[in-house]
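*Asks:* Before we start, here is the structure in question, set down as structure tokens.
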Amino acid sequence: MDQIVIRGGQRLKGRIPISGAKNAALTLLPCALLTDEPLTLRNLPRLADVDGFGHLLNQLGCSTTIEGSRPEDFGRVMTARTTTLTSTVAPYDIVRKMRASILVLGPLLARAGEATVSLPGGCAIGNRPIDLHLKALEALGAEIELASGYVKASAPGGRLSGGKFTFPVVSVGATENAVMAAVLANGSSILENAAREPEIVDLCNCLVAMGAQIDGIGTETLTIEGVDRLHGATYRVMADRIEAGSYACAAVITQGDVELVGAKASEMEATLAALREAGATVEETKAGIRVAMDGRAEPVTLSTAPYPGFATDMQAQFMAMATLGKGASLFTETIFENRYMHVPELARMGCDIDVRGRSAVVRGVDSLVGAPVMATDLRASMSLIIAGLAAEGTTEVNRVYHLDRGYERLEEKLQAVGADIERISAG
Ligand code: EPU
């Protein structure tokens with residue numbers, strides 16, 4: 001397996017291009033199942049999860065073509081067309097490797113009136129049930145059965161009726177599935193306490209470009225008037241606010257100065273506020289956002305929350321940054337029950353972190369020491385990269401496939417701003 005090797009201590013300085021957002025791409029791709037016309041997505045990141053989703057679409061009868069595959073291109077253009085669905089089944093083998101596969105459930109149900117999707121099971125960051133996806137779809141008129149590890153959903157009469165659902169807990173994925181199901185329903189739907197992450201706004205804007213009628217975009221109440229059919233569209237995937245935030249943490253821990261080209265400040269206010277709390281200079285530029293740091297980070301107190309709160313997907317990276325801070329930082333993880341898996345690995349590099357249930361106290365130390373480490377999930381892997389960039393000596397990050405799921409050409413982007421980082425291929 002590949003490894004990333006970092007010799008720490010270099011100040012990051014320069015421009016980092018921010019890719020299209022993974023979590024937006026993974027909900028925009030299944031929109032191609034909602035119409036027989038082509039959906040063209042621009043600025044699609046080159047990531048293992050995006051490729052995996054493309055393969056799943058192919059299995060369902062959607063043809064995909066990709067342009068801009070030259071190695072020097074950031075952002076590809078994919079045209080996906082589902083002239084006819086040839087299958088409505090998302091099998092276990094695919095769903096277990098990529099949880100986001102569950103996002104074909106709503107579109108298949110909307111287009112074909114039926115869908116059979118494997119239950120994804122647990123994952124490294126927690127139990128992650130899909131009960132809210134199913135309850136929301138039931139409220140829109142679906143009948144749901146669970147058998148042999150599969151969800152079998154159908155719409156009586158072949159078409160969902162639409163309906164009203166209030167999410168008891170904010171869920172990004174369940175909101176996405178419900179929106180994609182409601183747009184082709186035979187009536188109107190109201191989704192209350194819906195997630196309003198920028199990726200959901202991106203999804204709604206793409207669906208509107210395809211002819212959907214959605215009101216309240218960007219708020220917690222979405223009102224959707226079902227239409228008889230959607231048409232094709234060309235849509236640009238938003239910039240990855242989590243990738244941008246991750247490189248901002250890397251800039252702070254190395255006391256560097258970077259411009260995150262393409263990042264949008266309005267979509268990452270909580271992250272920028274946390275960077276300022278840590279003492280960083282954060283300013284909007286013509287091309288994106290500049291983040292610069294002089295000296296060690298101030299301690300931060302951060303609690304994860306649904307958007308517009310501080311993102312759970314930024315928790316591990318800020319924690320890595322705080323390990324070399326001036327004092328004690330306090331983190332509280334409210335979204336996922338098991339999202340501190342990076343802590344024992346960071347401890348191997350000399351960090352002082354005390355986890356008590358959902359909270360963690362990070363006491364800043366004077367230096368970190370490179371070590372071989374491995375990670376269990378995407379953001380945890382990134383926290384190890386961030387720590388490695390500032391550690392003395394060499395850090396070897398193993399299980400690089402986690403990073404390849406969500407960070408487009410990580411080592412190349414970091415090398416370009418002065419990091420001493422390389423990928424060692426397993427051959
Ligand atoms: N939840 C339920 N029942 C459900 C769905 C969710 O109890 O049916 C709970 C979850 O267990 C969790 C909370 O609700 O405690 C929020 O989960 P959510 O559904 O919002 O998460 P998700 O849709 O599965 C997406 C991102 C995650 C990100 C979360 C939270 C994608 C593909 N994934 O997951 O991204 O952490 O929202 O913002 O969009 C990552 O990129 O590293 C990543 C894990």
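Quick reminder: no glycine exception, Cβ is built from N, Cα and C everywhere.
From TrEMBL, for reference:
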type	residues	note
DOMAIN	7-414	domain 'Enolpyruvate transferase'
BINDING	LYS22, ASN23	phosphoenolpyruvate binding site
BINDING	ARG99, ARG128, PRO129, ILE130, ASP131, LEU132, ASP313, ILE335	UDP-N-acetyl-alpha-D-glucosamine binding site
ACT_SITE	CYS123	active site, proton donor
MOD_RES	CYS123	2-(S-cysteinyl)pyruvic acid O-phosphothioketal
*Asks:* Just name the most isolated of the recorded positions CYS123, ILE130, LEU132, ILE335, going by other Cβ atoms within 10 Å of its Cβ.
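*Replies:* Counting other Cβ atoms within 10 Å of each of the recorded positions CYS123, ILE130, LEU132, ILE335 gives the minimum at CYS123.
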*Asks:* Secondary structure at LEU132 (UDP-N-acetyl-alpha-D-glucosamine binding site) (DSSP, helix/strand/coil)?
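*Replies:* It is helical.
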*Asks:* Given the recorded positions ASN23, CYS123, ILE130, ASP131, return the subset with CB under 6 A from an atom of ligand 1, ordered by sequence, or none if empty.
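*Replies:* List returned for ligand 1: ASN23, ILE130, ASP131.
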*Asks:* Between C-alpha atoms, which of these recorded positions comes nearest to ILE130 (UDP-N-acetyl-alpha-D-glucosamine binding site): LYS22, ASN23, CYS123?
*Replies:* CYS123
*Asks:* Using all protein chains in view, find how many other C-beta atoms are within 10 Å of the C-beta of ASN23 (phosphoenolpyruvate binding site).
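*Replies:* Other Cβ atoms found within 10 Å: 24.
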*Asks:* Given that the record lists ARG99, ARG128, PRO129, ILE130, ASP131, LEU132, ASP313, ILE335 as binding UDP-N-acetyl-alpha-D-glucosamine, what is the largest C-alpha to C-alpha distance among them, in Å?
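*Replies:* Among the residues the record ties to UDP-N-acetyl-alpha-D-glucosamine, max Cα distance equals 22 Å.
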*Asks:* Nearest to ASN23 (phosphoenolpyruvate binding site) in three-dimensional space, by Cα, is which of the binding-site residues ASP131, LEU132, ASP313?
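*Replies:* Nearest candidate: ASP313.
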*Asks:* Fewest other CB within 10 angstroms, which one of the binding-site residues LYS22, ARG99?
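*Replies:* Per-residue Cβ counts within 10 Å for the binding-site residues LYS22, ARG99 bottom out at ARG99.
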*Asks:* So which of the binding-site residues is most packed in, judged by how many other Cβ atoms lie within 10 Å of its Cβ, out of ASP131, ASP313?
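*Replies:* Ranked by Cβ atoms within 10 Å, first place goes to ASP313.
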